[in-house]
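Features of the protein shown, as given by Swiss-Prot:
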type: DOMAIN; residues: 3-182; note: domain 'KARI N-terminal Rossmann'
type: BINDING; residues: 26, 27, 28, 29, 49, 53, 83, 84, 85, 86, 134; note: NADP(+) binding site
type: ACT_SITE; residues: 108; note: active site
type: DOMAIN; residues: 183-328; note: domain 'KARI C-terminal knotted'
type: BINDING; residues: 191, 227, 231; note: Mg(2+) 2 binding site
């Protein structure tokens, strides 16, 4: 299905002009949205609970308040706290202070789409979802361009929800490179599927399986690390720049031939069937409920998964090898740690 890409010149209404904007949360996305909007001339305050993020926002020059106070002062509110915290923040701090005719925004549709947050009918609901982590949203903005984003007008109580979403996307720099209109359902389900089946879950499982295959065949773990993980960035960067075509033009004929004949042996029809099952769990809300239930129980499953992942042999070997490769580290990593 074809989509329309919108740019700065398509944002015809300065819907945020003269409005008080509250960014709720000052983590990876929160600091980027807030700083970019401020640099674009908007009136931005921060709503965040006491702690490191509260202190960081004040150090960065923002008027900073407890969440409820910030919401009460604002005309447009953007919720950029982690997904698992948004429901409680909304019920305890946002909902009691939300004014009729105000606008409530999100950068991911999880809580709205799956029904964990229900907004009164007299409030606009919108989304602006940059397709990049917060430190890149900020860095690319300061470099004079930006990152692509999705935007949604979900609940149009005032008749201006779409204009607010587009002006927000412009204010954080995304409309410089292009924004696409979508729905909460589409953004949420596609985003979760991409993370689980390909970008995070699928990729790490593939790398780990490749590493284990080589080391179980008595190849050196250090060499296996280079072959299945370290060189991944080189290939992904080529695809990022020019798709499969540029990647295949840049590798050897041997590698390209192996790509065509072996890829289908790894990603079989059975794998695709499993991907469809993963998508079904997302669409039905099963994954969302499992995630929320684990959080409410104190994260026993997530904690166990993290502990097991930390102890993987590929992680231990990689940590040692990267000590001799300072070029694998970057300032962006530091920025992400500061604002997560």
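A Cβ is built for glycine as well, from the same backbone N, Cα and C atoms used for every other residue.
Bear in mind that the values here come from a model prediction, so they are computed numbers and not experimental data.
On a Cα basis, residue 231 (Mg(2+) 2 binding site) lies 32 Å away from residue 83 (NADP(+) binding site). Between the recorded positions 49, 108, the minimum number of other C-beta atoms within 10 Å of a residue's C-beta occurs at 49. Taking the Cα of residue 191 (Mg(2+) 2 binding site) as the reference point, the closest of the recorded positions 49, 108, 134 is 108. Here the binding residues for NADP(+) are 26, 27, 28, 29, 49, 53, 83, 84, 85, 86, 134. Their largest Cα to Cα distance works out to 20 Å.
Remark: of the binding-site residues 191, 227, 231, the most isolated position is 231 (fewest other Cβ atoms within 10 Å of its Cβ). Put simply, residue 227 (Mg(2+) 2 binding site) is 30 Å from residue 134 (NADP(+) binding site) when counted between their Cα atoms. In the domain 'KARI C-terminal knotted' (183-328), helix, strand and coil residues by DSSP number 126 helix, 0 strand, 20 coil.
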